[in-house]
Amino acid sequence: MENGGYEVPENANEHCPGPQSESAGKSDACEGCPNQQICATAPKGPDPDLAAIIERMATVKHKILVLSGKGGVGKSTFSAQLSFALAAMDFQVGLLDIDICGPSIPKMLGLEGQEIHQSNLGWSPVYVESNLGVMSIGFMLPHPDEAVIWRGPRKNGIIKQFLKDVYWGELDFLVVDAPPGTSDEHISIVQFLQATGIDGAIIVTTPQQVSLIDVRKEVSFCKKVGLQVLGVVENMSGFCQPLSGFKFMSVTETGEQKDMTDWVITAMREKCPEMLNLIAFSEVFDSSAGGGVKMCMDMGVPFLGKVPLDPQLCKAAEEGRSCFDDSKCQISAPALKTIIEKLLSQLEVSRI
């Protein structure tokens, strides 16, 4: 709803003058409105920092948000590996972590303990490689266990500062790792970046309904704010591991566990050695309702692909390294590569 060119909240009174109007919160029409106090005290007119953000972001070709409806779905892992992959293709990449209360990106990029430096051009990102820079509030905390207990306005302030004060230089991609949900940080980053041109959002989910319920809200959020959904990634889509990587246990009637791994591996090697080359797969989450694929069909958004729950990918994230650098992530790396290739094709970006 609009009034006088201003966006009007859905729960506003009739004849609302609009939250950016000079009479916001003060006119007779505002009496009894639940937004009255906020509108009366909010700054009016265009954001004076928007021009600085537009100027800073002018050197960034593609801006991609990575979102999730709920926590624990592997969103930051995906953001980190997407950034590693794009940098390995010789793109200039920036990774911006706006998960203010749970900044895990420094660890996932192997940058724990690093600090931000300032120059005459602004804040300098912390670099993994010459073409992969990272910015996170995690670099500003005096201790890694320090809790960030901030209200919305302060969170919005640091996000704005990241966008207008960080000197990224010429970037092909800026990947923004957002916290779960659809709250202050999401509204702020979309508002600040929309004026600069933003490609859209990748939404990460897991297959079970408890995750997809929240992801549907995330898709709805994107549609309401005019943010294109580039696609949905179904993470942890079944547990996959080479059979030789498992431990085998026997359990007695009293619950005592006995390691039988050596016996099983020896038996397979002697009687059926080809079994050692097989990949074992198990459904960890209930996907009987159709998982991410069905949800995308229902909501009319693209499905980018599935990434299995791979212990080697989890280990790469813990160690802050790319899953593409060696052959350890033989199950998850090809799946991620296919998703990234599909994303680049959708954005009509050619590999360098």
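Using the three backbone atoms N, Cα and C, a Cβ is placed for every residue, glycine included.
Residues annotated as [4Fe-4S] cluster binding site in TrEMBL: Cys16, Cys30, Cys33, Cys39. Sequence annotations record features per position, and here TrEMBL assigns ATP binding site to Gly69, Lys70, Gly71, Gly72, Val73, Gly74, Lys75, Ser76. Residues annotated as region 'Disordered' in TrEMBL: 1-28.
Sorted by the number of other CB atoms within 10 A, the binding-site residues Gly69, Gly71, Gly72, Gly74 start with Gly72, the lowest.
The two recorded residues, Lys70 (ATP binding site) and Cys30 ([4Fe-4S] cluster binding site), have Cα atoms 35 Å apart. The Cβ of Ser76 (ATP binding site) lies under 8 Å from the Cβ of Asp97, Asp99, Ser104, Ile105, Met108, Asp177, Ala317, each of these being in the same chain and 6 or more residues away along the sequence. Note: the ATP site is recorded as Gly69, Lys70, Gly71, Gly72, Val73, Gly74, Lys75, Ser76; in the same chain, Ser68, Pro180, Val204, Thr206, Ser211, Asn235 also have Cβ atoms within 8 Å of that site's Cβ centroid. Taking the Cα atom of each, Gly71 (ATP binding site) and Cys39 ([4Fe-4S] cluster binding site) are about 32 angstrom apart. A gap of 32 Å separates the Cα atoms of Gly69 (ATP binding site) and Cys16 ([4Fe-4S] cluster binding site).
Neighbour list (Val73 (ATP binding site), Cβ cut-off 8 Å, at least 6 residues apart, same chain): Pro180, Val204, Thr205, Thr206, Ser211, Asn235, Met236. Taking only the Cα positions, the spacing between Cys30 ([4Fe-4S] cluster binding site) and Gly74 (ATP binding site) is 44 angstrom.
Counting Cβ atoms from all protein chains shown, Cys16 ([4Fe-4S] cluster binding site) has 23 others lying within 10 Å of its own Cβ.
For the pair Cys16 ([4Fe-4S] cluster binding site) and Gly72 (ATP binding site), the Cα-Cα distance reads 40 Å.
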